[in-house]
């Protein structure tokens, strides 16, 4: 029998429909894989009993022909999504042993469609990080290694657990969130596919907030088709989220294999950074050639405010975070460290509960929102954001269907290698991805090649608002040309 953990989500779905195996068998195979891969630290909570019950329920539905589109599919859930009566911590000590009395909208929709939860996935604390090193549960180890080396690499962040679990065959797909690149960068680092949908496409209700005007949920999966299948279940209007957009959810899977002939693909000159590694440059050129060979037309475009995106992002995101994280005070839920009075209790709780990176961003955010600095920093950053959005609008007004860029400035790096003394070094990982969040656009990262040491590299496609289908069609062209990327198993 085929190793069930090596199947794509689409293959597993078809196999379940044909009754080649049961949902319980599929789930057991993944639970065994999770157990053997604990050294990767991708999961912060395994839920085997719950998974078996959900798989048995899926088998019963499949038997009567009532199975949903994800019936019996084992998924991992980023620990930012509230899961009812199942510990949810955002990988922060401050949430302690929090068991939400409610379920996030996105996970509710996944369970409605028959998916099986195998566990909660590691992430950077409160989704603040680009390497999954800020989690209170410790770093996630990338299933990929450099050729001939045993150095442990980061999987990217903040959705590092999601990307590592999918790459290592521990689940068939995973939920993730993206505030400045937290789906696309880990996908690129692990040879997986990650899509950040248009802002408002997926509900944010029940997801621990980082920066509310930037946060967006999306899937990480092994293939473009798999990510399309997952997004269809995750997306949809939710009256509980005022930023959720009320428009029909298309069947994204129909975009797979659709012709890209005649599509105009923008190549932004501002993304050609000084000191860009030659292998990233080559990959970008190669990706453009693949799209051209499929009938797309390449055009150079200009996004003149790109260079201001990263500094503006690191004002807007911390400002919103400082406001969102004010609610963690030890009073109503989560951890509490007592003091002689209530103010001291707040101080003690927040000092003990938040990690260094979260504290840094709260302080930056509080500073840029403070009297005397608000206009100089926050207001100016919001103006830059408007200009970035306008750059994209002008580009799309010229008939451009999508924009092709690198996903990351490098391949995965070693745990502890970056950002020690200078956090800006770590922040630069988001250089190609933050513009998409600032403009509220959809972006997909697709594995497209490998660096000189055999590590996967990804390309990013940026689309028009609510035109995820075009990204899936173009992404599949790159995927077909580049082939699949699977790490050699060393961890079990």
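Just so you know, glycine gets a Cβ as well, placed from its N, Cα and C.
Among the features that Swiss-Prot reports, active site, charge relay system is placed at 78, 158. According to Swiss-Prot, the feature active site, acyl-ester intermediate maps to 182.
Here the Cβ of residue 182 (active site, acyl-ester intermediate) has 37 other Cβ atoms within 10 Å, regardless of which shown protein chain they belong to. In this structure the alpha carbons, written CA, of residue 182 (active site, acyl-ester intermediate) and residue 158 (active site, charge relay system) are 5 Å apart. Less than 8 angstroms from the CB of residue 78 (active site, charge relay system) sit 120, 121, 123, 159, 161, 162, 174, 175, 176, 177, each of them six or more residues away in the same chain. Taking all protein chains in view, 34 other C-beta atoms sit within 10 angstroms of the C-beta of residue 158 (active site, charge relay system).
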